[in-house]
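Please read the structure below before turning to the comments.
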Amino acid sequence: MKILYSLRRFYHVETLFNGTFVLAGRDQETTGFAWWAGNARLINLSGKLLGAHVAHAGLIVFWAGAMNLFEVAHFVPEKPMYEQGLILLPHLATLGWGVGPGGEVLDTFPYFVSGVLHLISSAVLGFGGIYHALLGPETLEESFPFFGYVWKDRNKMTTILGIHLILLGIGAFLLVLKALYFGGIYDTWAPGGGDVRKITNLTLSPGVIFGYLLKSPFGGEGWIVSVDDLEDIIGGHVWLGFICVFGGIWHILTKPFAWARRAFVWSGEAYLSYSLGALSVFGFIACCFVWFNNTAYPSEFYGPTGPEASQAQAFTFLVRDQRLGANVGSAQGPTGLGKYLMRSPTGEVIFGGETMRFWDLRAPWLEPLRGPNGLDLSRLKKDIQPWQERRSAEYMTHAPLGSLNSVGGVATEINAVNYVSPRSWLATSHFVLGFFFFVGHLWHAGRARAAAAGFEKGIDRDLEPVLYMTPLN
């Protein structure tokens, strides 16, 4: 009878309908894994696994470059980015490339350069991936011991972790350098409606930076998602950069303590599960950030947040009716509460009507009209600028409400356009990906723990009906 498992390891296997199928010598009989199990066949082949990872990086970078050029080719400067279904150009614009006051795109050439650089990089990665997958050594331990590893070698694994942390720290510092020295980044809070500026007064106080982590995640607090000035964002990246770099050096120079050796499972599949768990957390945080935060994700490029569009509608009609003679300070709505303005339970003046639920919105077009006790009535009567009216009217009709294949905007709004907000796309995709990565984390963690406990995973295949059926071919 066929052996349905590898003698070299205790991974469960799937049985091919056609057991004679062989793929480049890495077949089920020799590896314990069917062809569709992909990189699982390469668990003990460090050279081939390197090729798979480099090729994967090439695919990722190729998508970034190709999609970047696709968005450049379709970009219409006269329309806002968020009305054109763009998800990459807003990121480049946020970094200060190609834009000027008010988020107006002045030059698309930097976006073209970005796309070409990514395409060239993807070609290099692609060739490297193909080389290591097909031509390079199957294992690295003999020829290149620095790059070789054994999954159970705890010291080597933490060294690899340290190298990754240092690279992440360098990435954080690159943003800091761009903001401080290389042209600055886009600040939606710059006076007059946003502009590109260099960050000159970093927030480095640990009380402020780490205070975000201690905040409640709920309304009015908002955990780290509530950050609303670039000094805090860039200062946070300085802290993150140092933590990652010094943490990386620590992990390279030290060996895991006894408690860590006991607490963790030390196998390739366990490391996969840890990585998927971390990516899941990142996905959920990114979802909340892009949905609620209009500083890291400026509304000029990504469209308004949900609360921002709602408050913009209240503001737009306050402006209109005030011009028509309404006394916005005292007019009553159908419920007896203020039609345009009302007081929150804590006494602040806020917009009335249904948008009262979004009382804690902060947006650059609205904040100049606030006083010490909320919205200032005298400023609402005398100080509203044309750019604030234009921006709120635009945001009112571009709420991030549409499902991914619908006519977006507010369903009852006659001025709505066929539009889906990039915030909807990015928040939805990151939530869904975060969820699936979490499921993958649970799956691989369960398998890794079972293997470490020493029992076979999967079900007994001996009596599986498919084994007695005629092959499909």
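Placement of Cβ uses the backbone N, Cα and C atoms for every residue, glycine included.
For Glu367 ([CaMn4O5] cluster binding site), the number of other Cβ atoms no farther than 10 Å from its own Cβ, over all displayed protein chains, is 11. Taken from Swiss-Prot, the feature [CaMn4O5] cluster binding site covers Glu367, and the record attributes it to sequence analysis.
Residues or ranges marked as phosphothreonine by Swiss-Prot on the basis of sequence analysis: Thr15.
Taken from Swiss-Prot, the feature N-acetylthreonine covers Thr15, and the record attributes it to sequence analysis.
Positions annotated as transmembrane segment by Swiss-Prot, on the basis of sequence analysis: 69-93 (among others). Within its own chain, the transmembrane segment (69-93) is flanked in space by residues 99, 103, 105, 108, 110-112, 114-116, 119, 186, 297-303, 394, 398, 417, 419-423, 425-426, which lie at least six positions past its ends and keep a Cβ under 8 Å from the stretch.
Outside the transmembrane segment (134-155) by six or more residues, the chain places 43-48, 50-51, 255-256, 261, 266-268, 271 with a CB less than 8 A from a CB of the stretch. According to Swiss-Prot, the transmembrane segment annotation covers 134-155 (among others).
Proximity of distant same-chain residues to the transmembrane segment (178-200), defined by a Cβ-Cβ separation under 8 Å and at least 6 residues beyond the stretch ends, is recorded for 93-97, 99-103, 228-231, 234, 294-295, 298-301, 364-365, 367, 387, 391. For 178-200 (among others), the entry in Swiss-Prot reads transmembrane segment.
Per Swiss-Prot, the feature transmembrane segment maps to 255-275 (among others); the stated evidence is sequence analysis.
The transmembrane segment annotation in Swiss-Prot covers 291-312 (among others) and rests on sequence analysis. Long-range Cβ contacts of the transmembrane segment (291-312) within its own chain (Cβ-Cβ under 8 Å, at least 6 residues beyond either end) map to 80-83, 89-90, 93-94, 102-103, 186, 188-189, 194, 222, 225-230, 233, 351, 354-355, 358, 360-366, 391-393, 395-396, 398-401, 410, 421-423, 426-427.
Per Swiss-Prot, transmembrane segment is recorded for 447-471 (among others).
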